[in-house]
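> My structure is below; once you've seen it, I'll send some questions.
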């Protein structure tokens with residue numbers, strides 16, 4: 001029994017074809033939107049790839065870009081098919097193409113759904129990439145004279161100012177690394193030498209942060225050095241007073257920023273998927289209705305359209321059997337000589353004694 005069978009008159013078939021023609025052109029625009037969203041996300045990730053470790057974080061924008069291009073091509077072809085389906089004579093040229101087209105479109109709409117879901121599952125990979133990338137960027141913050149690293153100080157400073165953050169997980173990350181370049185350290189100073197000797201690795205560690213961690217909205221001048229030393233500042237208590245530096249870590253700030261973008265893109269992709277799915281259902285109805293009207297032979301009469309010719313269970317069993325039999329088409333069973341193509345073929349005896357000789361008549 002057909003699933004969701006609907007009866008179509010000639011007028012309904014023509015209207016359905018016209019509506020689908022318009023919707024396919026709208027789908028072309030939705031493909032452009034998907035392409036643009038993927039390109040936007042790729043550019044946003046590339047802007048800050050200096051503070052991201054290499055990974056699979058580009059898989060989502062690449063997926064959206066690919067799906068957007070395919071959407072434009074498929075829906076452009078679908079618009080042409082639906083436009084010709086308003087005429088039964090023109091439909092005959094697309095009759096053999098429509099079913100493969102519907103199958104390909106179904107796979108394509110599934111890819112849109114996958115791309116939308118990937119926007120929500122990318123968070124863990126992005127968080128790990130940001131953690132590793134920011135850790136290395138902060139570690140090489142002081143290397144302003146080394147080629148390949150000299151840009152990291154500017155990158156980190158602009159990042160902390162723009163996103164109002166400090167450090168990787170927080171401002172205390174700066175306490176654990178030497179972020180002051182050796183060229184700016186006075187080696188004649190006893191304080192500097194004592195700090196270098198007090199550290200096992202010979203690093204100059206201070207309880208301070210770069211200037212880019214300062215909060216310009218704070219009424220008090222920025223305290224970026226000796227943050228944990230209450231006696232170094234007037235009327236200051238490190239444990240109770242709110243510090244005038246950014247408290248949020250840059251990893252969390254960037255993660256929130258990209259999560260917001262991907263959440264919006266995911267919602268847009270889901271809406272486009274629902275729209276593409278509705279167009280696909282309409283094309284399936286049009287294909288079955290036009291196919292049945294050709295079988296009936298009455299181009300002006302009524303015809304049935306459906307989503308599936310048989311029930312879901314029967315359709316699933318049929319397709320499973322097709323898949324199972326794909327590799328058996330050219331196989332020959334040799335068990336007990338069954339299905340042997342040579343079993344009923346008589347052996348050719350080439351013995352000359354069994355050949356009837358004919359005499360050649362003598363010439364007169």
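Every residue gets a Cβ built from N, Cα and C, even glycine.
Those TrEMBL annotations? Automatic predictions, nothing curated.
Remember, predicted model here, so these are calculated numbers, not experimental data.
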> Could you check which of 98-120, 121-143 is flagged in TrEMBL as transmembrane segment?
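That would be 98-120, the stretch labelled transmembrane segment in TrEMBL.
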> Tell me which of 221-242, 243-264, 265-286 corresponds to the transmembrane segment entry in TrEMBL.
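Going through 221-242, 243-264, 265-286 one by one, TrEMBL flags 265-286 as transmembrane segment.
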> Identify the transmembrane segment range according to TrEMBL, selecting from 41-59, 60-78.
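Going through 41-59, 60-78 one by one, TrEMBL gives transmembrane segment for 60-78.
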> Residues of the same chain, at least six outside the transmembrane segment (265-286), with any C-beta under 8 angstroms of its C-beta?
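Cβ under 8 Å, 6 or more out: 6, 8, 13, 16-17, 19-20, 23-24, 26-27, 30, 33-34, 37, 41, 64, 71, 75, 78, 81-82, 85, 98, 101-102, 105-106, 108-109, 112-113, 115-117, 119-120, 305-307.
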> Under an 8 Å Cβ to Cβ limit, what residues of the same chain, 6 or more beyond the ends of the transmembrane segment (20-40), are close to it?
60-72, 75-76, 78-79, 82-83, 85-86, 112, 115, 261, 265, 268-269, 272, 275-276, 278-279, 282-283, 286
